[in-house]
Ligand code: UT7
């Protein structure tokens, strides 16, 4: 019997209209365009402005576009998984709100929290539900409204992050395409270097936590950078090895967009040239769980059926990982 795999049959992204440029950041903190571009590769990022607008807005817009372009009836969706660290609220899950917003009334839905690796975790999990035969249509969303948890007085973090995300539709196939392999890792001893100090059960919100600016993302940038460079490169090389892939076999690397220097190091370790590396950090910055689907969306028209693609990410937790997939369709 042929193996059933999960294949991505559509991808769509969404970013808010407001563009926060390096020039505008220069008016907010002690930084400059030259430093940001050379140290990170980022020129601008998107910000979701307005009252009462959470990550679900990003997810709903991405999923609506996805349903439309794949001609899918929302009532045929059986499961929606949303990877995010900026849920609309601690509960209910943002995925529940997205499902309601797109009319996926016959689905169940839940969130996954794995920071910048969230989309890899969610895609792996969504694929399992397809491979086992439990579901036929699963949507995986990666989205974050990072501006909700960024301290715009902290120049070391506010320059990197932005808002946005995307979604993919997973369906079964018996062809040799789809999610081929997944390698996921985590190490909670990395928590001190990238976390949010207050607002969880360990340190609920008080006037003091607000005054101490503890409801923002805290990052020791250079420590995270060192772990990210080593681990993202290593896990990508490992997934190539165990699938007997050499650099020439790879059509595309889809790297988490946190810092252009981390992306370059990963591509170098894999031995692949810049022409095969998806890059949009310049325009969107680091959208956490949103970066990978946003890349796939941006490059969709260049992808061909059977392309070997490596996705890789590293982030808070620490969490990191890599997925090997064969693209499932030619440009439409
Ligand atoms: O998304 C998942 C996980 N996150 C990441 O993967 C991010 C990993 N980290 C990074 O990308 C980088 O560490 C940053 C972009 C956050 C910072 O770059 P860096 O090259 O590691 O800088 P640094 O923190 O080591 O700081 C170097 C210098 C310091 O000045 P001194 O002490 O050498 O005088 C900083 O104060 O750069 C200074 N600096 C800045 N200068 C201008 C830090 N931020 C800025 C800034 N503008 N925005």
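Using the three backbone atoms N, Cα and C, a Cβ is placed for every residue, glycine included.
Quick caveat, the model's predicted, so the values are computed rather than measured.
Summarising the annotation, TrEMBL assigns domain 'Beta-ketoacyl-[acyl-carrier-protein] synthase III N-terminal' to 110-188. In the domain 'Beta-ketoacyl-[acyl-carrier-protein] synthase III N-terminal' (110-188), helix, strand and coil residues by DSSP number 26 helix, 32 strand, 21 coil.
Sequence-distant neighbours of residue 116 (active site) (same chain, 6+ apart, CB under 8 A from its CB) are 256, 258, 286, 288, 289, 291, 313, 314, 315, 316, 319. Look at TrEMBL and you will find 116 (among others) tagged as active site.
According to TrEMBL, the feature domain 'Beta-ketoacyl-[acyl-carrier-protein] synthase III C-terminal' maps to 240-327.
What TrEMBL lists as active site is 256 (among others).
Positions annotated as region 'ACP-binding' by TrEMBL: 257-261. In the predicted structure, the region 'ACP-binding' (257-261) carries a mean pLDDT of 97.
Counted within 10 Å of its Cβ, the other Cβ atoms near residue 286 (active site) come to 24, all protein chains included. Annotation comment: TrEMBL describes 286 (among others) as active site.
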Would you mind checking how many other C-beta atoms are within 10 angstroms of the C-beta on residue 256 (active site)? 30
Can you work out which residues elsewhere in the same chain, 6+ from the ends of the region 'ACP-binding' (257-261), have a Cβ less than 8 Å from its Cβ atoms? 39-42, 116, 160, 225, 228-229, 279-281, 284-287, 291, 294-295, 314-315
In the region 'ACP-binding' (257-261), how many residues does DSSP put in helix, strand and coil? 2 helix, 0 strand, 3 coil
Provide the three-state secondary structure of residue 286 (active site) computed with DSSP. strand
